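Structure first, commentary second.
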Amino acid sequence: MDSMANQKTVLAVTDDVVLPVSSVLTIMAQLGNERFDPLIVTQASTINQFPLDSSSVDAVLAISKTSDFPSDKICGEFSRILKPGGTVFVCKNLEGQVEDMQQTIQRRVTLAGFLEPQCLDLKSIKLSTFSLSFGIKAKKPSWKIGSSFALKKPAKVLLKVNLDDDLDLIDEDSLLTEEDLKKPQLPVASGCATTKKACKNCVCGRAEIEEKAVKLGLTEDQIENPQSSCGSCGLGDAFRCGTCPYKGLPAFKLGEKVTLSRNFLEADI
Amino acid sequence: MTMGEKPKKKLLVLYASQTGNALDAAERIGREAERRGCPASIVSTDEFDASYLPHEEAVVFVVSTTGQGDSPDSFKAFWKFLLQKKLEKDWLQGVRFAVFGLGDSGYQKYNFVAKKLDKRLSGLGATTIIEKGLGDDQHPSGYEGTLDPWMLSLWSTLYQINPKYFPKGPDVKISQDDLIDQPKYRILYHKQDKLESTLLTDSDIIQRARGMSPGKLYKDKSKPDCFLKMTRNEVLTKAGSTKDVRHFEFQSVSSTIEYEVGDVVELLPSQNPSAIDAFIERCDLDPESFIIVGPRETENSGVNEEMVTQLPIKLKTFVELTMDVTSASPRRYFFEVMSFYATAEHEKERLQYFASTEGREDLYNYNQKESRSILEVLEDFPSVQIPFEWLVQLVPPLKPRAFSISSSPLAHPDQVHLTVSIVSWITPYKRTRKGLCSSWLASLTPEEEVHIPVWFHKGSLPAPSQSLPLILVGPGTGCAPFRGFIAERSVQAQSSPVAPVMFFFGCRNKDTDFLYRDFWESHTREGGMLSEEMGGGFYTAFSRDQPKKVYVQHKIREMSKKVWDLLCGGAAVYVAGSSTKMPSDIMSALEEIVSEETGRSKEDASQCLKGLEKKGRYNVEAWS
């Protein structure tokens, strides 16, 4: 082991033009991290890859005044260069609505693979050239590729439902009554006239009528020489009644052969 | 408004619509209000600033709930505003409201959006006009079965509160022979010689046509993101399968393709040219005329100056690109307007019947259940001649169809791949119908070099970073986005470590519809993204290969230890597919696993998973 064994490495990165070392030291001390070796990268918004090996730094400190930094891609890079178990701090200096930004950043680091995002209030940190409003702290998982997953985190961790995200909104589920939460009743048909077909244990005779209609395939004669006692069959589906044998076929003239329809969206038979 | 003049009573109808049903209902409510002499404005909740609510006197909310209990996208920001703790209990004092919800009682979370909204509005001090109405898809006549009586109650109660709302009284007897409504659009015809001499690009034409169309939703882009041409059309399902699923590959012919894995692409389908010609002839229109479509002036809107400066488009092109004549079915109001323009007595009677309350069920059987197209309906009622203004308003807009992208920009640069099931079904009258977009895509060949206008946008599946462990569930065509995920991770693995992936796939038969079998299996071998040594796995459920049905949720339960380990390690769950029940079956299976592994109750496990959802670690893309 080399003499830097006790020194932890931190990468401090910003999309701004400058970032004084003293500020980095102050922030890290406030966040509970002493004795480390800082590396500073500025104007980092367009960086594709950091010039660092994978799993090489203990912590990453990202500072920004803008909402876009760090982007999804850069968060991914943080994940790459951090040692397993390492910590990322995303610190923001923003006016006005911070809740949305907090949620957005939490989501971004989560999707980059970080665990246990926490929100920190950083307004009290005294810095010379700028100030901070809040920060998000998250951890890189400590498993390594290739090792087996004996890791069983205590159940508490997974079950912690983080309601901190929506501190300022009421819980919408509280608006529902017990009645609302019960499985809904399907509408009871009032009489079978309103149902789409006869009931399973039909007693009124409707089932028989429907069965007859289904079985009534058209005879050759009915196709060659169509007749209609009601007079409506030839007018097309819009005028036919429920039991009409010509249902589904195009309009026709009485006595003239029924042709196939010219439906543009019919499958080629 | 001069001094001493009280402002006329008016009604605000705020709607939150996902697929257009709530919009239809809202328009109907607005129309009925106007027929009674009360002006109404119909506004989407994503176009209305919620902070102005206290200034309104009377508001009707029309809100849909999706199957999973979610609110429409257009409602989310508005709802978040209303949920703020800082709003006082009397913030909406003096505001009268009524809520009508559209939902489906076949789902657990039946009309949750409407129920919560109704409660919250009361909680903020607003007064109900009448009790909330809950439209139900399970009802024989759909939501209209509830809407009709609910509206009558609304009008009579509002009239009792203040007769000034309806100067013509709350009951309107509409003579069946009068059409008192006016079309909302007007058409300007241009003479040939006034045209610009420059040739328009396809992109310009599409932008111009779709920009004018009533079907244009507020946030849509009229100009396509780019044009694609098909480079491959391959059948994935084997002989013996009842389905026809295709693998399509596309390349851009315009700008560079930009998307992330998990994104969605929308395609504008082409309509059958003979059908377009038949429609134009049937409606007695001149296909070569040049037109501009714009809103009609009303007392509220005044002269529309925009229309004067808009550029014209050929009528035939406008029909082709914006009016769906062979696929979508018309709504009830179309039949009502048709009845006015029918000259044959028996047709007029039949149309009036279809538009009435008594005829609603027969209309449903003839129209919606048979998936009648506009063209078919017009051909069934040959005496009807509708003016073009009405057609523009009432013919359903041609909608782009969305598909989950199944390629990866890293693994398949400059390409877009899709996995599409060709839709086809048999109606109750035994007519065979096909899906417009899927059938059209299936019929295309790379040689034809057809240019397809497309739009890219984010779906519900955010692209995961390579260090995020994944639990993927994608039965059937749900596997499409995950093909992209795995192909992408495979490329990323070449330069840096990647996290494990467990993928659960399901289909009916191993031999006939095992989509992308070779691809998944190649990744289970050494070094593959789904291999055991990489910490992941590939699990299959073939539902019909044995007497007992085996589905993906059963396989998930089988692997509960490994699933739990991965969740503890920070994994995110992604679920995609075409079933309405599948996502909740998966959720149940995971709840059982969490409950078992932690020893806690099912309720606690459910809360835990809800927490994962809030953090973006549980994502579902479900399509119908």
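Here, residue 1 is simply the first one shown, and the rest follow in order.
Each residue, glycine too, has its Cβ placed from N, Cα and C.
Because TrEMBL annotations are produced automatically, they should be read as predictions rather than curated entries.
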Response to the item:
TrEMBL feature motif 'Cx2C motif 1', matched against A:78-81, A:86-89, A:206-209, A:230-233, maps to A:230-233
Fill in: Which range of A:21-24, A:133-136, A:169-172, A:241-244 is motif 'Cx2C motif 2', per TrEMBL
A:241-244
Worksheet item: For the region 'Fe-S binding site B' (A:230-244), what does DSSP give as the number of helix, strand and coil residues?
Response: 6 helix, 0 strand, 9 coil
Practice prompt. Would you count the other C-beta atoms found within 10 angstroms of the C-beta of A:Cys244 ([4Fe-4S] cluster binding site) for me?
Written response: 18
Item to complete: Tell me, roughly as an integer, the mean pLDDT over the motif 'Cx2C motif 2' (A:241-244).
Response: 80
Item to complete: Around the recorded [4Fe-4S] cluster site, report the further residues of that chain (criterion: Cβ within 8 Å of the mean position of the Cβ atoms of A:Cys230, A:Cys233, A:Cys241, A:Cys244; site residues excluded), sequence-ordered.
Response: A:Ser228, A:Ser232, A:Phe239, A:Arg240, A:Thr243, A:Tyr246
Practice prompt. Measure from the Cβ of A:Cys241 ([4Fe-4S] cluster binding site) and count the other Cβ atoms within 10 Å, all protein chains considered.
Written response: 11
Discussion item. For A:Cys230, A:Cys233, listed as binding-site residues, tell me which one has the smallest number of other Cβ atoms within 10 Å.
Written reply: A:Cys230
